[in-house]
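Here the structure comes first, spelled out in structure tokens, and everything after it is commentary.
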């Protein structure tokens with residue numbers, strides 16, 4: 001796996017990014033040690049049944065921020081219909097696991113620097129809405145080759161830099177109807193929000209160790225490319241989860257989270273975000 005490590009990724013509440021390269025996604029995600037430890041503890045609590053009575057539906061207060069360099073779609077000024085289709089895709093993808101995104105407001109900003117992912121903290125300090133349980137998605141024209149990135153949940157003090165930068169940045173051309181084929185069906189937002197909800201990539205850890213700390217996702221040596229049906233990169237553990245939203249298949253190949261991932265999202269939500 002080729003890893004590009006942004007400076008921001010070295011802090012807790014780490015960056016998780018996906019970038020297209022030669023027709024496939026690559027990863028610049030560097031989950032911090034604290035999040036591995038938190039995932040291991042949450043997995044143990046799930047195994048013990050400690051979260052069994054906490055699997056109620058999750059309603060996520062959601063804000064969309066369109067940040068473009070001009071009022072042209074090619075410069076990132078995506079339409080209301082595209083945004084409506086994006087929230088619909090997210091809700092369809094998460095509905096089987098009791099998660100619903102309630103789009104409260106959409107903001108639109110013309111700022112060429114911000115639209116190219118410049119001055120991230122200044123942008124988010126200006127635009128961010130809600131508490132730590134609120135999902136802020138920033139649709140940007142250019143992410144330096146990336147499709148998107150998100151921050152993992154942590155214990156963030158209100159008003160801190162970790163709190164301000166929380167949320168997801170998504171390439172505007174990846175929304176439904178965008179120009180970013182084969183990543184133009186809205187699955188980038190689904191994938192990135194999975195990190196915001198506390199999920200690793202399915203290929204985390206390769207064929208050994210704890211992997212993604214979710215027991216029902218088969219081990220996977222490396223990210224998928226395209227839609228390689230029948231791929232089995234870790235013999236003995238089952239075929240690779242190429243249809244999982246947390247792999248790197250093309251959008252048309254993605255169609256599921258596992259039951260265990262749904263449980264993990266619920267557990268992480270209640271551990272880090274609920275009521276905050």
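Glycine is no exception: its Cβ is also placed from the backbone N, Cα and C atoms.
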Correct range for region 'Disordered' (source Swiss-Prot, candidates 188-210, 211-233): 211-233
Residue 192 (active site): tally of other CB atoms within 10 A of its CB: 27
Of 191, 195 (the binding-site residues), the residue whose Cβ has the fewest other Cβ atoms within 10 Å: 195
Cα separation, residue 227 (disulfide bond) to residue 191 (Zn(2+) binding site) (Å, whole number): 16
